[in-house]
Amino acid sequence: AIYELSCEAYKHLGKTSNYYWIDPDGSGALGPLKVYCNMTEDKVWTTVYHDLQMQTAVGGSSLEKLAVLQLNYSATMDQISAITSSAEYCEQFISYSCKMSRLLNTPEGNPYTWWVGKANEKHYYWGGSGPGIQKCACGIERNCTDPKYYCNCDADYKQWRKDTGMLSYKEHLPVSQVVVGDVDRPGSEAKISVGPVRCQGDRNYWNAASFVTSSSYLHFSTFQGETSADISFYFKTSASDGVFLENLGNTDFIKLELKSAAEVSFSFDVGNGPVEIVVRSPNQLNDDQWHRVNAERNVKQASLQVDQLPLEVRKAPTEGHTRLELYSQLYVGAAGGQRGFLGCIRSLRMNGVTLDLEERAKVTPGVKPGCSGHCTSYGMYCANGGKCVEKYNGYSCDCSTTAYDGPFCIKDVGAFFEEGVWLRYNFHSPGTSMKDLVSRTLLSSTDPETTAPDLNLNKEELSFSFSTTKSPCVLLYISSYTQDFMAVLVKPSGNLQIRYSLGGTKEPYNIDVDHRNMANGQPHTVNITRNGRDIVLQLDHYPPTSYSLPTASDIQFNSPKALFLGKVIEIGKIDQDIYKYNTPGFTGCLSRVQFNQIAPLKAALRPTNTSSHVHIQGELVESNCGASPLTIPPMSAATDPWHLDSASADFPYNGQAIGDGVNRNSAIIGGVIAVVIFTILCTLVFLIRYMFRHKGTYHTNEAKGAESAESADAAIMNNDPNFTETIDESKKEWLI
């Protein structure tokens, strides 16, 4: 198996936080190791764990003057060194809790306790300090318990104290041993905690050079690959051919090149005549996207792989020469008058060593350090409207105009609303002219139709998810400086209603979704798009439904003022039903709320340039309990039990919904019936049924899990994990 070289590589395959196998030196001697990759930040954290328990007790009754604590990692020291050397930053938490147990014996004594790092070197500084400084964090910050000492523990108190901090000089990491010295006196006790080693970034992964002419090249010292060669790199180009790299001997050579727009060639000669392996791609490789090349050669065989295409392998002859003897410099790009590579090469590793293309490119004409255009390959991973931003080393996703968070804009930002909690987002903030504000935030500046000077909306997009068990309530309300408004409500029956009042009609235009109970505690998604008179509503995974405003209705939302979540607290006349639904207010979860370019919940929970527009009443608790991942494929009209296009459509008996995958459930029910018929033939079952009948019990065809479920809805959901929405019309909750 071919493993990625680092967590950074997994991130740019669109992977999420998890344990992964990485191989820091390719197919070199180190071998793969399993690490935890944390993808939640812009830069990836790689974590390697050890077996020492936190708060490991030392001393008390020990007769030994020194207590040695050994840390055994899930990787070898060489493997961890490969990670730390390529990382931009590494850290490891360390803590010493003490009672009459001195630590570094500051300010002038010999340390009682030290730790051993890479290369078995002893270190006499503690977390929060640095090499050569025999102090703890409190000594650096000058806030130790006793100012005469540079560590809290060195004051030798009979009460528990501690010294903690991060070790961040990565050339010394990881901690392999902690040696504790002052625990042999009566009453002396200590507890040691050492966290996992964590490294951030990968300097090698984005080390790149751009070749701007076909005669450009970089040169390095001769490649030492006599019996084993392992070469890997990424390239992107719009040219149809060119030499990636070449190294020559008297007659021996090794060479990698783009032979055509769809062919990569690996050729070499160890004295038995030239050998060439070619991988042909079904798609063009000169598409200005990143492609990975991995070439290996040893005494037994040679192989070439491009991206995820099948591995091409060539066995070595059983007799003949096996050593690759090279003498010239290694050329990356044009060599010997050949047409060189035009484009970008990055993360070039030769036998586990990353060549520093950037540094060499800085002093080489025709070659530029770094590479642009990462978004052409990786921009697809910026989800939910996030924008890919080019960086010198890589890219990032700008989620500022979305209701999402995280490196790929896929983390829902949501909150739990207790009864009485509400949020108001003012489209107009003090000190800003309304025209300027609306044109910048509420209206999309890329849409010429929405930059009209009269500040009226002809179109809007609204999306959010929610969960609640209380009805009626106001989920969302948008007010205006006129009588116009828009509202999303849960009616007393638990059904959803979207209400538009844009003027021109006596009563608001209502969209009632009467056949689905939305106050069932399950997460539901709502997407509403209006363009002029046309409204499209999509709920959960069901197909979108189209509606149209009455011909008498105005189609402009005039002078939008504020957006409310949970409750409407607005001056002026309020619609009577909304006023009635407003008490006691929404209780439940709202997530990823977005109205055009505005994300009010995110503005409330994250410091953004629009946070000043937000006013919150009560305590808003961040939570993703309203998130609704759409893992269920859309239902077709044929299988959707709530598809009511046909006038003859009948509701299931007693309002009990039949979920997605009706055919699958029918098969299960058929199997159950077959088993029941079989068991009826058994005398033993007859006896059991007879006994239960005398005890006054009965059997039904309820879903499994019904005994522990709170309702018939919950029982069906317990039985079918793919079923997210059920109804029991006989058990609606009315709260007015």
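From the backbone N, Cα and C atoms, a Cβ is placed for every residue, glycine too.
Automated prediction, rather than curation, is the source of TrEMBL annotations.
These numbers come from a predicted model, not from an experiment.
What TrEMBL says about this protein:
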- 1-50: domain 'Fibrinogen C-terminal' (DOMAIN)
- 207-371: domain 'Laminin G' (DOMAIN)
- Cys344-Cys371: disulfide bond (DISULFID)
- 372-410: domain 'EGF-like' (DOMAIN)
- 439-625: domain 'Laminin G' (DOMAIN)
- 667-688: transmembrane segment (TRANSMEM)
Folded-back contacts onto the domain 'EGF-like' (372-410), same chain, C-beta under 8 angstroms, at least six residues removed: 11-12, 14, 39-42, 205-206, 210, 236, 288-290, 344, 463-464, 592-594, 597, 599, 601-602, 606, 608
Composition by DSSP (helix, strand, coil) of residues within the domain 'Fibrinogen C-terminal' (1-50): 5 helix, 17 strand, 28 coil
Sparsest Cβ surroundings (other CB atoms within 10 Å) among the disulfide-bonded residues Cys344, Cys371: Cys344
